[in-house]
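Asker: For reference, TrEMBL lists these features for the protein:
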BINDING   Trp71, Tyr78, Arg79, Tyr80, Asp137, Arg163  substrate binding site
BINDING   Asn122, Arg123, Tyr124, Arg206, Ile207, Asn208, Leu209, Thr210, Phe211, Arg212  2-oxoglutarate binding site
BINDING   His133, Asp135, His189  Fe cation binding site
DOMAIN    115-215  domain 'Fe2OG dioxygenase'
Amino acid sequence: MSGDLFAGIAAGSRLQLGDQAWLLHGFALAAADALLPALKDVIQAAPFRHMCTPGGRAMSVATTSCGTLGWVSDRGGYRYARHDPASGRDWPTMPAPMRELATAAAAAAGFPDFRPDACLINRYRPGTRLSLHQDRDEPDLGQPIVSVSLGLPATFLFGGMARSDRAVRVPLDHGDVVVWGGVDRLRFHGVLPVAPGVHPQLGAQRINLTFRRAGPAGGTTA
Ligand code: MD3
Ligand code: FE
C-alpha cells in the first residue's frame, strides 16, 4: 500500500475540505479489528431496512442506527427517535469502539467536546446514491458530524450552503473518516452512485457510519 504512487494521499494524512471540515485518510484502519465485529453485532440486533420517504417511496440507501437516538423516516416525516417504529425496540447501545473512534476523530479535527448520542448506519449496494441534502435536524449545530467510510469506495459530493453551489468531488475509501462542523456544518452534500465491486472484508457494499449529537445540548451521551 505505502509503495503505491497512485494511491493518492497517504494513510494518516489529512486533507482540509473547508474551514472546519477535514478528511482524515485511513483514520479508522487501526481500529477496524474492534470496529467491524461491534458493527456486525449492531446490524444483527437492528437489521438494515429501506425506510420510506415522507412521500411514501422506499429509500435506495438501507439504514439502521445505534445509540440512544436513531434516524427514522416514514409517512410522518423524518426525525430522531428512541426506537425503530417498525420493530418497537430501542436501538442497540453504541459500542465503545465506535464511540471512541468518533470522539478521537472529532478531537483530531478540532472538536474535543464531541458527545455523540446517535450513529446512523447507511448501506450502499452498487448503484445506490444519496442526493444532495443538508443535515439540519440536530438541535445542537455546534456539535460536528463524524463520518466513517467502510467497504467499497465512493465519491462524496461536498457542496456549499445553497443547493445550487458547485460541489467538490472527494473520493472516500475504506477507513476514511471525515469531520464536519462549525461553519461547514450545514453544507449540502451527497454520494454519487457506488460502482460495482467486492471489498475483501465487507463484500459488495459500502457502509457509512455518521456519528451525531441528535439530542439536546448538554444531555446524556449514548
Ligand atoms: C457534510 N451520509 O447520512 S456522510 C447522511 O456517505 C449522509 O452515507 C453520507 O450524508 C454517506 O446524512 C455522507 C458525510 C457527511 C455527513 C454530514 C455532513 C457530510 C456532511 C454535514 C455537513 C456537511
Ligand atoms: Fe447527510
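A Cβ is built for glycine as well, from the same backbone N, Cα and C atoms used for every other residue.
Since this is a predicted model, take the numbers as computed values, not measurements.
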Asker: With an 8 Å cut-off on Cβ-Cβ distance and a minimum sequence separation of at least 6, pull the same-chain contacts of Tyr78 (substrate binding site), or say none.
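Answerer: The list for Tyr78 (substrate binding site) reads Met51, Thr53, Pro54, Trp71, Val72, Asp137, given in order along the sequence.
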Asker: If you count the C-beta atoms lying within 10 Å of each candidate's C-beta, which of the binding-site residues Asp135, Asp137 ends up with the smallest number?
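Answerer: So among Asp135, Asp137, the binding-site residues given, the one with the fewest Cβ atoms within 10 Å is Asp137.
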Asker: Relative to the Cα of His133 (Fe cation binding site), which of the binding-site residues Asn122, Tyr124, Arg163, Ile207 has the closest Cα?
Answerer: Arg163
Asker: What's the most sparsely packed of the binding-site residues Tyr80, Tyr124, counting other C-beta atoms within 10 A?
Answerer: Tyr80
Asker: Can you tell me which of Asn122, Tyr124, Asp135, His189, Phe211, our binding-site residues, come within under 6 Å of ligand 1 at the Cβ?
Answerer: Asn122, Asp135, His189
Asker: Could you give the mean pLDDT over the domain 'Fe2OG dioxygenase' (115-215), rounded to a whole number?
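Answerer: That region's mean pLDDT is 97.
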Asker: How long is the line from the C-alpha of Arg163 (substrate binding site) to the C-alpha of Ile207 (2-oxoglutarate binding site), rounded to the nearest angstrom?
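Answerer: Cα-Cα, rounded: 25 Å.
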Asker: In whole Å, how far is Tyr124 (2-oxoglutarate binding site) from Asp135 (Fe cation binding site) when you measure between their Cα atoms?
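Answerer: About 18 Å separates the two Cα atoms.
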Asker: Check the binding-site residues Tyr124, Asp135, Asp137 for any whose Cβ is under 6 angstroms from an atom of ligand 2, and report them in sequence order.
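Answerer: Going through Tyr124, Asp135, Asp137 in sequence order, those close to ligand 2 turn out to be Asp135.
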Asker: Closest to Tyr124 (2-oxoglutarate binding site): which of the binding-site residues Arg79, Tyr80, His189, going by Cα position?
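Answerer: Answer for the nearest of the binding-site residues: His189.
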Asker: What count of other C-beta atoms do you get within 10 angstroms of the C-beta of His189 (Fe cation binding site), across all chains shown?
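Answerer: Here the count is 24.
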Asker: To the nearest whole angstrom, what is the C-alpha distance linking Leu209 (2-oxoglutarate binding site) and Arg79 (substrate binding site)?
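Answerer: One finds 17 Å between the Cα atoms of these residues.
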Asker: Nearest to Phe211 (2-oxoglutarate binding site) in three-dimensional space, by Cα, is which of the binding-site residues Arg79, Tyr80, His189?
Answerer: Tyr80
Asker: What count of other C-beta atoms do you get within 10 angstroms of the C-beta of Arg79 (substrate binding site), across all chains shown?
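Answerer: For Arg79 (substrate binding site), the 10 Å Cβ neighbour count is 14.
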